[in-house]
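Asks: Just dropping this structure here.
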C-alpha cells in the first residue's frame, strides 16, 4: 500500500512531481512504473520498500493550522521550489499537461510557468471547500520565478528577519530528516518573526532544509542517509534534464521479430524466487525478487472523506513514521491476502526489514494518484491503480474485493479502455535517458497480472501488449500451441464492442466452440509421424440480450466475454440468480402441440419461433400496438416511435420506416389517418406508404345529426359495424344515458354486477362522438385491475375512437404525456413531473383511461384539460367526501359526470348522499337534512321516496329483472364432517389456547381472532399447519401424497367425489378459497387427480391474470378447474364458461363471496350456475357463515344512517360464541371414542355422502322454479339454500318458525364454559408436556374468582344451537322477508301456551323490513327510551305501574325485564357515542349515554326525597279536596278509578330516612340508592343561617318571591362536578306582590339555568288515557288501608315536613325563609309559593314524569301548585308564565338535591378540611365580619339619632368591614381550586371508567330476575 496523506500535490502530473518527490524522499522513483530495467536507477518502483510516511506532529506553538493542512502546504511549497530548480524543458510541461488532462481524477492541474487551470470534470465540482480554499492560497503564493530563492532572499523580500543560527556538527548528525529539522528550526524563525504566515513559514523552512542538506558534511554516513539520498537525487535529475536538453533521442534499434511478452507468474501458492534489482547504481548484485506490491493510498485527513483504518494499520504507520521522510509516506502490501485493512504479518515484517537495510538508499516515495475513490468521491483507505491515477475503495469495485489483489493491479477503467496514462510515460525522455545511463537491460518486471486470468494460477504466462492481462497459452480458447511472435493482444482487447447498452439478459445457451488451432510440426520431428492433433476450442456461453431503447425485434446474442467486459454488474447479478452450468430450457412457446401445428402451417411463425419466441419473448411484444410519433432525420428518412402490445410505454422504441415488422404499413397508415383527422394534415414525409386495406376513418359531424332525446328502437349502424349486438336492456341504458346528457343531468348507472356497465358506457361515449354531440376528451377513472377490460371494450365497441391508457410508472407516463396528449411538440413541458397543458393546445386522444391514484397524483396535467365527460367506475370510491379522490375530482373541469357502481346502497344513506353530492352539489348539499328525511321510515317508504328523488339520476337493473331467460343460480350450503386428523388438531388448538379462551372479561380480541383463524385453517386442511405439513407423506418430487392429502380433510374427500361427477357431466368449476396456501394444496390435489387447471391469486396481476382468463375461456380449452383466491378473484373477471362455483371456505365479508360467484353468473352464461359453499359442520366455520349472513342482512335491510359501515369487525362476544360452536359435541365424541361399538350412535348425526347423495347434490333442476322469481337487491339472501338431504337427523320442531328471520340471539354466556370443557384436557396436556420435557416450567392455574358464584347456564339454549340455522328442512326459510306481516311477531311453538314458557325473542331479528331487538320494534324502543327520560329507572314493579306506557303493554313481563336489562347493559357499555352499533350488534339509534344516565340519576334523587317525607305529608297537597274528588267518583260508578301508583316503599319509613330503592336490573347499582341514613343527617348539620330544618308546621306562611331575584343554576353534569349557585341580593316585599312576581318571572333572563337533558313530551291524550286507568295508590306504592282514617284527619291541622340539606350552597333556604315569613304573616299558606309547594312539585314529577308541568297542574292531588297563580289567570300568557316559573323552580330544587347528595357522600367518606386550609381561614374571617357587625349594631342607631362621635366610629367600623370583605372576596376567587372535591368513583374504586362499565355490563354474581326469567 503506498501513497501520501492529504490531497495530491499541485505538481502531481508527470515527471515534475517525481523530481520533487525524489528530492523530498531522497530517492529516485522512475518516471514510469515500468522502467525497472534501468541498472542506473536508484530504486525500482515495484521494489521500493514502501514505508509509510511519518506524520508530522502538531506544533504546540502553532495550534491554528491542522496538521494535514500544514503537511500539504509544506509539501506544495517544497514542490514548487524543487520543481522550479530542476529546470524542466517545455516537453516535460506538455507531457505533464497531457497526462493531467487524460486522467480525469487528478488532484490538481498545476504546472510551473502557468497559472493553475480549474478542471471542468464533474468530479472536481465535488471538491470540498477546504480544498478550494487551499488552492486559492496556493494561487496567491504562486510566483512565476524560475529560480528558487534562498531563505535569506525570501525573508528579505517579505521584510522579515533571518535567524543567526550556525549549524554545528552535532546538528548535522542529529537532524537527519526534514521532520527533525523542522522541529528544530521552526521555533527559531517564529521567535524572530512572531506574525509570520504559515505559508511563508513553509517556504522558508523548505529553503532552509535545502541549504542544510547541501551543506551537510556527513553525506556518506549512515547517520545522514536521507540527506545523502536527497543530494544524489538532485544530481541524477540534473543529469537527466541536461541529457534531455542536449542529446536528441537515440534512433530506434532494429531488432528481429520478437516473441510476445511473457513472464513467470505467481500463483496464489507459488514460492517467491530471488530476482535482481538495480536499486543503487554501484550495487550490481541481484536482489531477491518479490511480488510487485499493490499500492493503497490513505485519503487526506483534512478532507471530508474519512479514513477508516484498523489498529494494525495504525501500529504500522507509527512504526514506519520514524524513518519516513518529509511529508510523504508509503504503505506497501504485497501479500496474497486481499484485505487492505489487515495485512499478513509475514509480509509486513519482511518489508520492514528490507526498509531498514536500504534506508540509505530510499526513504519512501510519493505517487501522483488521486486521494479519493473514483466511485464514491470519498477518501479513506483506497487502492491505487498501477496504470492510471485513479484510486478506489475495495468495496466500491464491482464486484467488491474482499482482499487486496497481488502484484500490479489495473482498475476497471484501464481494463475496459486500455492503458493510456502508463503508455504515455513509457515514451518519456526521462526514461530513455535513464535506460541509456543504466546501460545493461535486465529482465523486465512489468505490471501484468501475476496469475492467469482464466485459471488464476501462476507459471509461464503470455502477457497482453495493451492491458495487464496474462494467460496460460493452454487456457486460451482455442489454446495456442506456442508463444506467438510479435505483438499479441489478449481476447479482452480483441473483444468486439457491444452495439448498444444492454437492458436485460433474457436467456443463455452454450455456443459453438471456435475452430481448432493447428499445431505446427516441430522442425526436428520425423516426417513420417502424423501431424499433431489440432487444439480443440471449448464452447462458450452465449447470452440473448434486449438492448436499451430498442424493441425486441433487435434482440441478439452476445458472448460471455462481451457481457463481462461491458456489463459487469448486470452479468454478476444474472450469474447469482441463475444456474450457470445448465442453460434454461427454451420452452416458452406454450402448448407444444399447437405450436408444432402452427409452425407447419405458417413458415413465418416457425422463423419467429426459432429466433424469438422460444427464448421467452412473447409474440405480443413484437406486435405494434400503435405508432405514437414520428421524426425525420437529416437524410429525410422517417422514424416512428412504436408502442408495443402488452408492454408499457417506457418500452416504446424508435424504428426506421423500412424495417420489416408485421402490419407496420397498416399502423403507419392508421397513424397518418388519425393525424389528418385531428389536425387536417395531408402531407406526410418519407417514402410513399404501400397501399393497405384500411377502413378510412370518418370525420365526425361538426354539428349534431341526431336528437339525443329520441330513443333508438334498434342499434345504430355505427354499432352494427363493430359486429356486436347490444341486449335490449343495454339499448335502454344507452337511450337513458343519451337523454340524461341532453337534459344536462349527471347520472349513476347502478346495474348489478355482470350486466355490462362498461359496454353501455363505451357505446354511450361512441354515440356522442359519432353523432357529433362531442368529440371529447372523455376521462374514465377505473380500478387498475379493470383497465385492461375497458381497453378491450373500447377496441370492440368504439373502433374509431383514439383511446389512451394513462397508467404506469413515472417514465411511462412522461412518454404518454409527451407523445399521446397532443400533436404539438411544446404543448406540455417534458420531464417526469406532470405539468399543465397549454390552453390552446389541441388534445390528441378522444378517451383517456386512468386509475384512481393517478387522478390525484397527476392532477396538474389532468386538471388542466377541459373534459367533456367524466366516468368513474366502481364509484363507491367517492362515498366519502373527505377523501382526496373526491376533493381532487371536484376541482376538475367536467361538463358531464357518469358514475358506475354495482352497489349504490352498499352501506348507508350517507355514502349515497356523497355520490349525489358529487354529481349535483347544488341540489344535494345538506347532508343532515337528507339523513333526517330518510332516517326513521320503513324500508318500503324509504325506497319509494328515494326512488322519486333518484329517478332522474340513477338507473339500476338486476339480473333477475333483465334476464328472465338468463340461467338461474342456486346456492347450496354443503355441510361437511371433520376428518379424524382435523378433529385431533381442532381439539389440540382449543386446548393449547385454553388460557386465552378462559380469560373471562379479559380475553384479548386479537388472541381470540387468532384462535378462530387457526380453527378455520384446521377446517380447510390440517396441512396448513407446519407441523402437519412436515409429517405428511410426500412423493419424490416434493408434492404431497394424493391419497393422504385427500383423507386428511373432509372437504377434499367430498370435493374428490363431486369433481369426478362434474367432469363426467361436462361441467367446468371455479374453486374459491381465502388462503393462498390452501390453493397450493388444491393444486397438488388437482395434479394428483389429473385435472388441468388455471390459478389466480393476489400475486398474479395484470397481463398474466388476463392471459389465464383467456386460456380458460378459449373455445375447447382443456382446463377443468380454475382456482381463485376470494379477494383477488373480484373485479373485472369474466369466467362465464364455468357453470359450477365451489366456495371452499367462506370469507369473513359476505360481499367478497358474492362478488366471487358473480364471476360465473353473468352475461354470456348459458347454463344454470350451481354454487356450493362448503361449511364444516359444528365448527367455527358454520357459525361464521351464520353471523356473516346476519350481518349482511343488517347492512342491507336497514338502510339508515350509520348502520352497517363497520359491521365487518367481530365483537369479543361474537368471537367467543363462534369459538364455542360445536365444541361440546366434539369433546363428547372423544369420550365415546374409547368403546368400539359406538358406530351406530355416531351415525345418527354424522353426515355421509354416498353416490346417491352426491347425485342429488349435483342435480341442477332442484330449485329452478323458485330461483327465477328472485327479486330486489336482497337477492343474495334468497340464494342461501340449504342442501336438505345432507343431514340425517332433521329438527322438525323448528319448521314453523318462519315469520321472524333471526339475525342474532341474545348472548347468555356461561362464563365457566371453557373452564368446564377444557380444564381437564388442558391440565392433561400440560402434564404430558412436563413429562416429556422433564421438570419443565411451573404451570400457573388459571382461576377466576370474579364470576365464580354465577349460576351455570346452558348457553346453547339461547345462542349456538348444535344444529345450525341451515339444518332447517325448508329451503324457503330465508325468502320473501318483505311480504311478512308484522302481527305474528313472536314464534308460537307447539305445546307452548303459557307466556312464562315462551322463549325470549332473539336479540336481533327482522320482521316486515324492520329490525326488532328482543322483540321490541323501533316504535317500542322509542317509547321505552321516552319512558326512561320521563320517569327515570324502571322500578321493580314497573310492569304493573304507570311506567308501562301504551306501546309497551303488549309485552310479557319476562320480555320487558330482559329488555330493561339489555338497555342498562348498553348504557354502561364502554365506547364512543358516535358508534353505529353496540358491541352486540344492536343499533345505537343515536342514544346519548350521558343524558340518559343524568336523567336516571336526577329522577332517582327526587324519588328518594319524596319517599323520605311521604308518610308524613300524605298524598294530597290540599286534603280538603280529597273528599270532593271521592264524591265525584261515587257519582261516576262506571269510570275506572285513577291509578296513582309509585314505587313501593315500606309504610313505616321514618322521617329523614331514605326509603330503600330496589337494586337496578342486571346488577347495576346506582350509588344514590345505596347510601345510609346518617349521611342525610350529617348533611343537614352543615346547613347554616337558614330557617329551622326540622319538620315545619303548615301554620307557617312563606315569604313572597321578589321580582329581582336571579337564580343561576348549572345542571348536574356528573357526580363530582357541582357548581355553586350564584345568589343575587334579595329585598323583602309585601306579600301582595307574590302573584305579580310569579307572573313576571318570564322577564328575568336566566342564561345558565338550561336543562341540557332532552325533555320528552308525549301526547296529552295518551296521558289522559293512562290516568283514567290508574288505581288508587300511595306514593310509596301501597293502597290506602283505611279511607275513613283519612277522612277523620282532614279536619285536624295537617302535619308537613320537607327539607333539602344543600349546605347553603344554593339560595333555596334563604328563599324559603323569606317566603315562609311572608306566608305566615299574611296567613296565605297556599297562595304564596314556599317550601310546601316545592315538595308537591317534586311529588308531581315522580308521578307524572320529568317536566310534565301541565299534567301535574291538572292533577287534583297537586292542586296547591295552582294556588299562587290564580291572580294571573286573566293574562294572555298565563300558561307560559306558570310553566316557566315551575321549570326555574324545579331547576333550583334539582341543583339543591344534587348538592345534598354530594354533601351526604362527603360526610359518608368522612371528608373534612384542614384548619389551615384557605376555606377554613375564610370561615374565620366570616366569623370576624359577623362579630364586628353584630357588636357595632348600636352605632348605627346612635348615628341615625345624630350622635357625631358614634358617626365617626361607625365610619371606621364600616371601613374595617369593607377591608375584611374585600379580603374575603379575594380569597373566594382562589377558593375553587383549593377545595377538596369528592374523588371520582374511578379513583375511589381504583379502577378505570372502562373497567367499571365493563363490570357493570357483565351479569351480577347473584341471579337477577331477568336471568331467572331467561332460564324459565
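Please read every residue number as a count from 1 along the shown chain.
Even glycines carry a Cβ here, placed using N, Cα and C.
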Asks: Looking at 635, 691, 1304, 1669, which one is marked SUMO2 cross-link in Swiss-Prot?
Replies: 1304
Asks: Which one of 839, 884, 945, 1643 gets the tag N6-acetyllysine in Swiss-Prot?
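Replies: Among 839, 884, 945, 1643, the one Swiss-Prot marks as N6-acetyllysine is 1643.
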Asks: Which one of these stretches, 482-509, 510-537, 538-565, shows up in Swiss-Prot as region 'Disordered'?
Replies: 510-537
Asks: According to Swiss-Prot, which residue among 130, 309, 337, 595 is annotated as phosphoserine?
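Replies: Record lookup, Swiss-Prot, feature phosphoserine, residue 309.
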Asks: Would you mind telling me which of 448-473, 578-603, 604-629 Swiss-Prot tags as region 'Disordered'?
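Replies: Going through 448-473, 578-603, 604-629 one by one, Swiss-Prot gives region 'Disordered' for 578-603.
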Asks: In whole Å, how far does the CA atom of residue 515 (phosphoserine) lie from that of residue 531 (phosphoserine)?
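Replies: Here the two Cα atoms are 17 Å apart.
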Asks: Far apart in sequence but close in space: which same-chain residues, 6 or more away, have a Cβ under 8 Å from residue 531 (phosphoserine)?
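Replies: Within the chain, residue 531 (phosphoserine) has Cβ neighbours under 8 Å at 518, 519, 521.
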Asks: Determine the mean pLDDT over the zinc finger (449-496), rounding to the nearest whole number.
Replies: 86
Asks: On the DSSP side of things, how many residues of the motif 'DEAH box' (873-876) fall into helix, strand and coil, could you say?
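Replies: Helix, strand and coil residues of the motif 'DEAH box' (873-876) number 2 helix, 0 strand, 2 coil.
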Asks: Per DSSP, what is the helix/strand/coil residue tally across the zinc finger (449-496)?
Replies: 4 helix, 8 strand, 36 coil
Asks: With helix taken as DSSP H, G or I, strand as E or B and everything else coil, how many residues of the zinc finger (370-417) land in each class?
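Replies: With helix first, then strand, then coil, the zinc finger (370-417) has 9 helix, 6 strand, 33 coil.
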Asks: Around the Cβ of residue 515 (phosphoserine), how many other Cβ atoms lie within 10 Å? Please give the count over every shown protein chain.
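Replies: A 10 Å sphere around the Cβ of residue 515 (phosphoserine) contains 10 other Cβ atoms.
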